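Single-structure report; data block below.
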Amino acid sequence: MNIIDELEWRGAIYQQTDEEGLRKWVDEKQISLYCGIDPSGDSMHIGHLIPFMILRRFQNAGHRPIILVGGATGTIGDPSGKKEERKLQSMEQISKNVESLRVQLGKIFDFEGDSAASMVNNYDWTKDVSILDFLRDYGKEFNVNTMLSKDIVASRLEVGISFTEFAYQILQAMDFNHLYEFNDCRLQIGGSDQWGNITAGLDLIRKKQGENAKAFGLTIPLLTKADGTKFGKSEGGAIWLNPEKTTPYEFYQFWINTDDRDVVKYLKYFTFLTEAEIDELAKQVETEPHLRAAQKTLAAEMTKFVHSEEALEQALKISKALFSGDVKALTADEIEQGFKDVPTFVAEDSEANLVDWLVTLGIEPSKRQAREDVGNGAIYINGERQQDLEKIMDASDRIENKFTIVRRGKKKYFLVSYK
């Protein structure tokens, strides 16, 4: 299947320039193509991942991806999709963010072989451009009326836009032109809000490289959820690729909780499963939705891709332990992942009567309630029911001498650490 046909089947094309020309190029040649991200934060979230998944699909089809981290454009801020001016970050923070993104993006692509990926930073070719060079060599090529008509600018005219953000599309166009000239880059990929920036780059390439210059643009549809909420968010906020911000277990759980109405679409967007494999999972969604086979496959594929096989195994282990209640099998690291969002308490490093211990920590509101819950078998320590009112909590009740997991009833968990 032609890569363009595959992207259309996956529902991953929103707009493209010269569809016939691009099809011919990718059929007949190995092309270089790029997608960029600005270092506005120290981690990508799963929404950022979408265009880079397309870039990876091109690599799998034998083409050469260029990953651009915007050390220069990140100092300005892309106005696309923003209702107000971005707050400028320090150069020091931007440099730190660049390095963090390099690490994350480095896990997604193959940097060896005939279709080896490369990673670039637009600061390298922008830092020495003087203001006079910028105005003479590039500003002269842009018509203000055309710039004002771009959606990214037009949507901000009423509330106002600074010259800094107004000029962003020129900088991004400079990137495409530079990569065309020095890396033979023929295609830019971006989200649906990047159409104006991409076409600005194509215009600049034609003016700088000649009318016969062959370059293309392709944008991806905005991914929406069936319930109308924003994709990539959970109750706890954005789903990050950085495991310190979103643990692999939380990452896995996000995908496992995908709505039946969305899961086939996500399988097409985010996994490298074949059409036949996805069709089979789609049938199971229709006939055996309670098995959640599609969600389990999606969660497994994404956790492996973004994190690792080991991280997936850990997420599965945590899920199984929480479902069965056998939490003693978990390591301290797995406990921190699986119980990140439960109420947490810090206990004294000393022995104490179970009833007193529960009340002192605040897990139980009173001794009367604590005695009642213990006596009724509603209290579990590390997965084991405790009904002994005289039980003494000591070091043997700690997992790896760090944590005690308390469960009240069927689902209410508490995590206790020690001073």
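Backbone N, Cα and C define each Cβ position, glycine as well.
Taken verbatim from Swiss-Prot:
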type    : residues        : note
BINDING : Y34, Y168, Q172 : L-tyrosine binding site
BINDING : K233            : ATP binding site
DOMAIN  : 352-418         : domain 'S4 RNA-binding'
MOTIF   : 39-48           : motif ''HIGH' region'
MOTIF   : 230-234         : motif ''KMSKS' region'
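Overlay of Swiss-Prot annotations on the structure.
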residue : record                  : Cβ contacts under 8 Å, 6 or more apart
Y34     : L-tyrosine binding site : L55, P65, I66, I67, L68, D175, F176, L179, N183, C185, L187, Q188, I189
Y168    : L-tyrosine binding site : T73, I76, G77, D78, P79, N197
Q172    : L-tyrosine binding site : G36, T73, D78, N197, A200, G201
Subject >> Recorded L-tyrosine site residues Y34, Y168, Q172, farthest C-alpha pair in Å >> reply: 18
Subject >> For Y168 (L-tyrosine binding site): DSSP state (helix, strand, coil) >> reply: helix
**OP:** List the helix, strand and coil residue totals of the motif ''HIGH' region' (39-48) as derived from DSSP.
**Re:** 3 helix, 1 strand, 6 coil
